[in-house]
Amino acid sequence: MADVNKVVLAYSGGLDTSVILKWLQDTYNCEVVTFTADLGQGEEVEPARAKAQAMGVKEIYIDDLREEFVRDFVFPMFRANTVYEGEYLLGTSIARPLIAKRLIEIANETGADAISHGATGKGNDQVRFELGAYALKPGVKVIAPWREWDLLSREKLMDYAEKHNIPIERHGKKKSPYSMDANLLHISYEGGVLEDTWTEHEEDMWRWTKSPEDAPNVATYLELTYRNGDIVALDGVEMTPATVLATLNRIGGENGIGRLDIVENRYVGMKSRGCYETPGGTIMLRAHRAIESITLDREVAHLKDELMAKYASLIYTGYWWSPERLMLQQMIDASQAHVNGVVRLKLYKGNVIVTGRKSDDSLFDANIATFEDDAGAYDQADAAGFIKLNALRMRIAANKGRKLF
């Protein structure tokens, strides 16, 4: 094995990363620093400290990154109305660049010459972690155990843990049949019965949201206040970014909002089925498009929509720290200078319905758009010349005998 003196491990305290911790110590004979991120996944992160200490780890980092995650990653992404392949709100993808950033920061702080993660060799996360790491620290060594070892099943991992006295419970509360990932933006489910694309997901799989059928029979109204494209208040109460998202998750979940069952194209080449709960993000996307509808110039809005697919792909495939993503972000952020105002929404049984939008920066002029007498604000006779000029190229083609069908 290559010389490694100290490695920073992205550590959850679960089976996989606990085995990786011991495997790194034995295989590389190196010191391991553990890093556990609180991204709002809803699980207690402190037990990871005790587990790491029990395995001889001296430097343990447990960081609350919830505000940074939403402020510097989720909100910038939503300024672009980002959706991958028309549906996926990128809840897993957008968390990886922050984890990579913090891994490198800790490596620099502790003098570590390597980082390690628990992503498998089949998925997108290995790419996301490592592209970010190399962008931020080109000379860092990355250790990806799933690409090196032969512990390729859960049973083998359990046997390894038992053999090496790793503090993992073999018997305890029932384990979910799904591979799950959660943060403040979403929770995902993969594997198990979902690997059959014809099998319907089970109702008891969902953890954050009520079934739309069981959601309240009375609609919930709320108002979101925007400043420069970001939500700053809910029902007039100013909130931090993480509090905004957590509150929308709760309200959206109660109203059956944000469930998704999709098959997506992974960067590594395969198709993968996943189920997602993104209640707050679903509300945010609808509301942001609503406030932009009255504050953005038409051509700016259309250009943003054209760029969004590329921007979404960059995030999905792990290029958050790339120069092209940073360039696009500057354009997107510049477009948000006048995206200010309030959006009123009605939430009802899985639906997010826009019922109002207002802004001091609104480009909607009722005097011009009215169906009533506009008192000369718009001269309808001007439309004749506009239409003739725009039809000119088609008239020329027709006069040349070009056939359309």
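From the backbone N, Cα and C atoms, a Cβ is placed for every residue, glycine too.
The shown structure was predicted, so the numbers you read here are calculated from the model rather than taken from an experiment.
Cβ neighbour count for D16 (ATP binding site): 19 (other Cβ atoms within 10 Å of its Cβ, all protein chains included). According to Swiss-Prot, the feature ATP binding site maps to A10, Y11, S12, G13, G14, L15, D16, T17, S18, A37, G118.
When other Cβ atoms within 10 Å of the Cβ of N124 (L-citrulline binding site) are tallied across all protein chains shown, the result is 20. Summarising the annotation, Swiss-Prot assigns L-citrulline binding site to Y88, S93, N124, R128, S179, S188, E264, Y276.
The L-aspartate binding site annotation in Swiss-Prot covers T120, N124, D125 and rests on sequence analysis.
Around E264 (L-citrulline binding site), the C-beta neighbours below 8 angstroms that are at least 6 residues distant in the chain are Y84, E85, Y88, K271, S272, R273, G274. Secondary structure from DSSP puts T120 (L-aspartate binding site) in coil.
N124 (L-citrulline binding site) sits 12 Å from G118 (ATP binding site), taking the C-alpha atoms as the reference points. Shown in sequence order, Y84, N124, R128, I315, Y316, G318 are the residues of the chain, 6+ apart in sequence, with a C-beta less than 8 angstroms from the C-beta of S93 (L-citrulline binding site). Of the recorded residues, A10 (ATP binding site) and T120 (L-aspartate binding site) place their C-alpha atoms 13 Å from one another. Largest CA to CA distance in the ATP binding set (A10, Y11, S12, G13, G14, L15, D16, T17, S18, A37, G118): 16 Å, whole number. Each of the binding-site residues Y88, Y276 was scored by other CB atoms within 10 A of its CB, and the lowest score goes to Y88.
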